[in-house]
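Trainee: Pasting a structure here, questions to come.
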Amino acid sequence: MKKRIFLLVMLCVSAFAKAQSTSCEALLQAIKNEQVTTVTQLLKNTNPNCSYRGNGEPRSPLGVASYVGNLEIVQLLFVAGVRVNYKSRGDASALMIATQQGHLDVATYLIEKGADINAAIDGDGTPLMAAIQGGDLRIIKLLLEKGANPNTNVKGDGNAIIMAGKSGNPAILQLLLQYNPTMDKESLGDGTGLIQAVSRGNLAMVKAMVQAGADVNKSSRGDGNPLIAASKIGNLPIVQFLVASGADVNAHIKGDETPLIQAAWNGHLDVVTYLVGQGAEVNKTVRDGYYLSSEKRNALKMAIRGQHTDVVAYLKSIGAQE
């Protein structure tokens, strides 16, 4: 008898969950299509704090409404009892979504309703970082004025200055600088803001960051340093600017070698000749890792490996040895 009752209860729970999932899916679709009347009707019998585990993201009503940027629907959800910080597992917060999509009115409303302005989610960052990705200066300014922390680090996403370096927009950097960010704060896998700006070949952003106090010799494990990054991509103007700003032409970062080795390995003859002219050690040999068994590398060896015959010929002409 007890077993039958248990099975009956489980069937009822399963049926209820299926019905909730179906109604949540319908609500999400109506919000996505901005069907205000349909949303109003569905909210009479559907929990606004539901989650539908479909293929698309976001997977909650407030998340979808924040994505499409329909303030009227967002307000309807709050009337129905939605929680401002509710999100489906694996999604960004509603505020992050609204800020990245550039919906100033929705972002403002969510903040007024108590959205966590410094929420940090691995893989999504923070609302401020999302806003920087979106590039809307009005929203970035709003978040900073409301207390967003520009120094928060999030695994896999970096921090606000790193995001600014990726954005390539000096105006974003200038706005952040009003709130005393740490210019050289590094994040494993993302380096620093300056390294990101260099890697994208944005000379204007590189200059703005150095002028703001970024250290041209600041290294980051796994990401090298600014001069190594510039030498690797072969951006001579950035290489020249960094050297003129005090970058060490013989800096060695384990796993990233030296500026000269990277330039030679990637076949950038103009950068190779410039670095040599600035005092780079032609025969400097380093290990590519942290162990005695790690490979020994130098400029000529890596130029040969990269099959860059012009670089090989030049290095040999000035006495380089493999």
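Cβ coordinates are placed from backbone N, Cα and C, and glycine is handled just like the others.
Predicted automatically and left uncurated, TrEMBL annotations should be read as such.
So TrEMBL lists the following for this protein:
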- 1-19: signal peptide (SIGNAL)
- 57-89: repeat 'ANK' (REPEAT)
- 90-122: repeat 'ANK' (REPEAT)
- 123-155: repeat 'ANK' (REPEAT)
- 189-221: repeat 'ANK' (REPEAT)
- 222-254: repeat 'ANK' (REPEAT)
- 255-287: repeat 'ANK' (REPEAT)
Trainee: Which sequence positions outside the repeat 'ANK' (57-89), separated from its termini by at least 6 residues, show Cβ-Cβ distances below 8 Å to it?
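Mentor: Answer is 24, 27-28, 31-32, 34, 36, 39-40, 43, 48-51, 95, 97-98, 101-103, 105-106, 109-110, 113-116, 119.
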Trainee: Note the mean pLDDT of the repeat 'ANK' (255-287), expressed as a whole number.
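Mentor: Value for the repeat 'ANK' (255-287), mean pLDDT as a whole number: 96.
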Trainee: By DSSP, how many residues in the repeat 'ANK' (57-89) are helix, how many strand, and how many coil?
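Mentor: The composition, in the requested order, is 17 helix, 0 strand, 16 coil.
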